Amino acid sequence: MAGRSGDSDEELIKTVRIIKHLYQSNPPPKPEGTRQARRNRRRRWRERQRRIHSISAWLLSTCLGRSAEPVPLQLPPLERLTLDCSEDCGTSGTQGVGSPQILVESPAVLESGTKE
């Protein structure tokens, strides 16, 4: 893991294994029995899943000192984002990767469809 010490990696791996074990200890309910019995099993399973999720979040924040939720990425406004195909992008799916372009000006083609 880039930018972290080896001890932190070991703690992360240990914590992930614990969380994985928690989720594996709660398999989905069997689809048998009456409708009411299936509904009750699903309801109890969802409650256990919610508890496991909150325990996992607690483990990540307490043991590793980080949030369970990813840090939100600040993006520019959608009006400023456009696709620039003026360069030869290729069709293989691998060319042009790693050099995204953000243009400030929106092309007139896109603007004509947004006016009401």
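Backbone N, Cα and C atoms are what each Cβ position is placed from, and that goes for glycine too.
According to Swiss-Prot:
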- 36-48: compositional bias 'Basic residues' (COMPBIAS)
- Ser5: phosphoserine (MOD_RES)
- Ser8: phosphoserine (MOD_RES)
- Ser92: phosphoserine (MOD_RES)
- Ser99: phosphoserine (MOD_RES)
- 18-26: region 'Homomultimerization' (REGION)
- 20-48: region 'Disordered' (REGION)
- 91-116: region 'Disordered' (REGION)
- 34-50: motif 'Nuclear localization signal and RNA-binding (RRE)' (MOTIF)
- 73-84: motif 'Nuclear export signal and binding to XPO1' (MOTIF)
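Packing against the region 'Homomultimerization' (18-26) from elsewhere in the chain are residues 45, 48-49, 52, 55-56, 59-60: each is 6 or more residues past its ends and has a CB under 8 Å from a CB in it. Other Cβ atoms within 10 Å of the Cβ of Ser8 (phosphoserine) number 14 in total over all chains.
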